[in-house]
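Pulled from TrEMBL:
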{"type": "ACT_SITE", "residues": "CYS200", "note": "active site, acyl-thioester intermediate"}
{"type": "BINDING", "residues": "ARG96, GLY97, GLY98, GLN99, VAL100, THR101, TYR102, HIS103, ALA165, ILE166, GLY167, GLY178, ILE179, GLY180", "note": "substrate binding site"}
{"type": "DOMAIN", "residues": "50-242", "note": "domain 'BPL/LPL catalytic'"}
{"type": "SITE", "residues": "LYS162", "note": "site 'Lowers pKa of active site Cys'"}
Amino acid sequence: MRLAHLRLPALTSYHHAANIQEVLLQRYFQAKDRVHKSKSSGLQDSRTIQLPDPTVITAEFQPVYTFGRRQLNRVGEQQRRFLEGNGRATVVEAQRGGQVTYHGPGQLVAYPIIDLRRHKITPRNYIHLLEDTVIAVCTSFGVPAVETTEDPGVWAKGGQHKICAIGVQVRRGITSHGIGLNVTDREDFLSWGFSRIVACGLEGKHVTWLSAEQAHGAESIRVEDVAPAFVKTLAERLGGIDEIYQTSEQDL
């Protein structure tokens, strides 16, 4: 099986990435409908129907605050005005799990679009797989002291500083949304963005990023370096992936 890596160039709006994600999801759903129809009719061997390749979208987002399903239609006008007031960030209500978080320059966003049933993975185990993937990537970039706790995501400094948020959606066995791994505080975008919210609704917790957790004197780290490492590590943990190839929006 092949896995596609769609790396969105430059800074990308949340809506642009979400639209691409929806296109890929609909391709999966249409293929599943064809399989179901062929099994019901008996006119075609469903095994001959080609399923889409699993795909991972990676990007750096323009500053945006996203609210999860639990907060849909519950974002107050005063809160929205505060977050959008200076014109530096937008506010979006998303279909992922979890509560409010921030995305911006210096953070790797990765959206795997994967058929869990094809890989024989349960939704709960998929979350653990994402966590393990992030921990392995952090370790490969010289930050081994990260872990999971009873709170969602991946944490550093004894579980007090979140380095990666995880929020997914699973529809008809197909995953969407994914992870936000803080890589470097590019022009203070991460420290500024997270300072204005209680990230993921966890009072008393803080955030950090890979470059802050690296040993003193380590080489600078960039999102474009971490993205392929995340995709490669995820593919290894999924199993059954023989090849990773680059794709683009023009190929959709």
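Quick reminder: no glycine exception, Cβ is built from N, Cα and C everywhere.
Each of the binding-site residues VAL100, ILE179 was scored by how many other Cβ atoms lie within 10 Å of its Cβ, and the smallest score goes to VAL100. Across the residues the record lists as binding substrate (ARG96, GLY97, GLY98, GLN99, VAL100, THR101, TYR102, HIS103, ALA165, ILE166, GLY167, GLY178, ILE179, GLY180), the two Cα atoms farthest apart are 15 Å from each other. ARG96 (substrate binding site) counts 18 other C-beta atoms within 10 Å of its own C-beta, drawing on all protein chains shown.
Look at LYS162 (site 'Lowers pKa of active site Cys'): DSSP puts it in a strand. Here the C-alpha separation of ILE179 (substrate binding site) and LYS162 (site 'Lowers pKa of active site Cys') works out to 12 Å.
Note on GLY167 (substrate binding site): other Cβ atoms within 10 Å of its Cβ, all shown chains, come to 22. The number of other CB atoms found within 10 A of the CB of GLY98 (substrate binding site), across every protein chain shown, is 22.
If you take the Cα of TYR102 (substrate binding site) and the Cα of LYS162 (site 'Lowers pKa of active site Cys'), they are about 12 angstrom apart, rounded to a whole number. Each residue contributes its Cα atom, and for GLY98 (substrate binding site) and LYS162 (site 'Lowers pKa of active site Cys') those atoms are 14 Å apart.
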